[in-house]
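Remarks on the structure that follows.
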Amino acid sequence: MRSLLHKLGRPAAPADIVEEVQHNPNDKEAAVGAKSATNESDPGAETDSSQEISKEAQAGIQRVEAMTKVWTRNDMYMAYITIWILYFVDALQSGMSTSFYPYVTSSFALHSLTATTSIMSNLIGGLFKLPLAKILDIWGRPQGFCAMLFCLTIGLIMMAACNGVKTYAAAQVFYWVGYNGITYSISIFLADTSALTNRALLFAFVSSPYIITCWISGIVAERFLGGPGWRWGYGAFAIIVPAVCSPLLWLFYKNHVKAKKAGLLPKHESKGNFWQTLKFYLIEFDIFGLLLITTGLALFLLSFNLYSYQKDQWKAPLIICFLIFGGLLMIAFAFYEKFLAPKTFIPYQLLMDRTVISACILSAALFVSFYIWDIYFSSFLQVVNNLDVVKTSYVVNVYSVGSCFWSLLVGWAVRKTGRFKWLAVYFGVPVTILGVGLMIHFRQPNENVGYIVMCQIFIATAGGTLVICEQMAVMAATSHEFIASVLAIEAMFSNVGGAIGLTIASAIWTGVFPKHLAKYLPASEQENLPAIYGSLVKQLSYPYGSETRNAISRAYGDSQKYMLIAATAIQAISLVSVLFWRDIKLKDVKQNKGLVF
């Protein structure tokens, strides 16, 4: 165990971190890059001192190390600026999509499926990051980035052209696989090109566009909804996003050519004929294990969302089959990974580190809690608080603005102190519990929306702290070779946690809202109950303050109360998780090679 922990990220011996940068004297730009890397007057750029690229690392890791050997400070800063612009566009589009969700499902008279349509996309989007980590490590960062850009674009096109919830749900899978994959690929690239002490600040910087986009995404969404429609909202960004990504792809290609000329790139090794190559990659990506866990979790979680649409509900044969086969497939996955898998789906040696596993558990708990109270939040604000789409987006995006702004301060604090655990223990978790707990009382009819905003501010500052700290925890506990794997595992826990949270929210919604709606609706509107339950537009069609609108608001309040009690209870797991972290001193951990920030 002691040797495993040392391998996964114990501080290296002093002799291991006194190294120099290699550059090709025949390549002028490479020489400039190496010179700038050793320039002590530049506080923003650092260099790891390794004489050689990691020969034991996989090809994708070697390629990015070769790139950082030859690129200049201007290339590095240009990459970061381009990434910031890409985050801005993605944040604008995702914020706009959030406003579209209830209108898309309502257009098919299935508003209650708002949570269900997101479950598979969250689940698959999270699980896909593990094979994506393999793609990034084996083939390279640009290759993985391009594949994810393709998925995102296909998802946007499908959403623009969808003619039913089924197509929309499939499009969501493509979109979120691509969206999560792009942000994940960029996170790995940032980790590749930054010193550990500066990484929290850099992660916070590239997330800062949310501070701006939250104020305009609702306006853009309203313009599309009131003009060409939500389909054009998706279609427009199917063109914009690839265009914005082009400069970063060019930068990757430019430095790839420079590294190749300098003789720094690893030689391609043949895996044999077609069948041998196919067998190699099937084993490397653990395709069978991936299918087992994805299918098992999907069947199990979807049963909680679909039971209310079956005549016999929980006794329906379909739901029973989903529960039984979902559980059996998850058990089969555990046995397969333990005894049969040539390459395991999850690198268990990483999960044996208590800092890594407890940070992943924190990530899952935060997403479970968040998605329980968030998924019907925008509908609640419009129906109960009578806010329009723009004002609703402002309130919903308080979390994005606050967490992104606050994360800049957290990144600065981590850079100055060289530690992260104290921020999570003494501020992040306690303030999260306070914010979510207060919403049990304030997210009800006849309560001032200002109190809801106050709770959102509490949750935002705490969330901005915990997201940065959990990422620093998993990265500090391992070496550069495993950065992609640990961030993929952390992301997998986040997305599975999100799927669980959506499942709980959907189960509470389908179990509470229609029953309480039937209880409160006046007799004259009972026949309209299915239409009211299935459409946000129908709910908003009743005048604010009318008897029917008040009845709908009371049903919303009852549903939200149960959701928020569950979301607050989950936070107990968060508190226990952060206490298990090692208090790692970041300045003692050296991971990167070449010119880094």
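Placement of Cβ uses the backbone N, Cα and C atoms for every residue, glycine included.
A TrEMBL annotation is a machine prediction, not a hand-curated record.
Annotation source TrEMBL lists region 'Disordered' at 15-56. Among the features that TrEMBL reports, compositional bias 'Basic and acidic residues' is placed at 20-30. TrEMBL lists 36-52 with the feature compositional bias 'Polar residues'. Annotation source TrEMBL lists transmembrane segment at 77-96, 108-132, 144-161, 173-191, 232-253, 316-336, 356-373, 393-414, 423-442, 448-470, 482-509, 562-581 (among others).
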Is it true that the transmembrane segment (482-509) and the transmembrane segment (316-336) have 3 or more Cβ pairs under 8 Å, skipping pairs fewer than 6 apart in sequence? no
How about the transmembrane segment (356-373) with the transmembrane segment (448-470) - do they touch, taking at least 3 C-beta pairs under 8 Å (6 or more apart in sequence) as contact? yes
Name the range, of those listed as 77-96, 144-161, 173-191, 232-253, 562-581, that has the largest tally of Cβ pairs under 8 Å with the transmembrane segment (393-414). 77-96
Could you tell me whether the transmembrane segment (232-253) and the transmembrane segment (144-161) have 3+ CB pairs under 8 A, leaving out pairs under 6 positions apart? yes
Most CB pairs under 8 Å with the transmembrane segment (232-253): which of 77-96, 173-191, 316-336, 448-470, 562-581? 77-96
Are there at least 3 C-beta pairs under 8 angstroms linking the transmembrane segment (316-336) and the transmembrane segment (173-191), leaving out pairs fewer than 6 apart in sequence? no
Tertiary contacts of the transmembrane segment (562-581), as residues 6+ beyond its ends and Cβ separation under 8 Å: 354-355, 358-359, 361-362, 365-366, 368-370, 372-373, 376, 421, 424-425, 428-430, 432-433, 436-437, 439-440, 443, 466, 469, 473, 501, 504-505, 508-509, 512
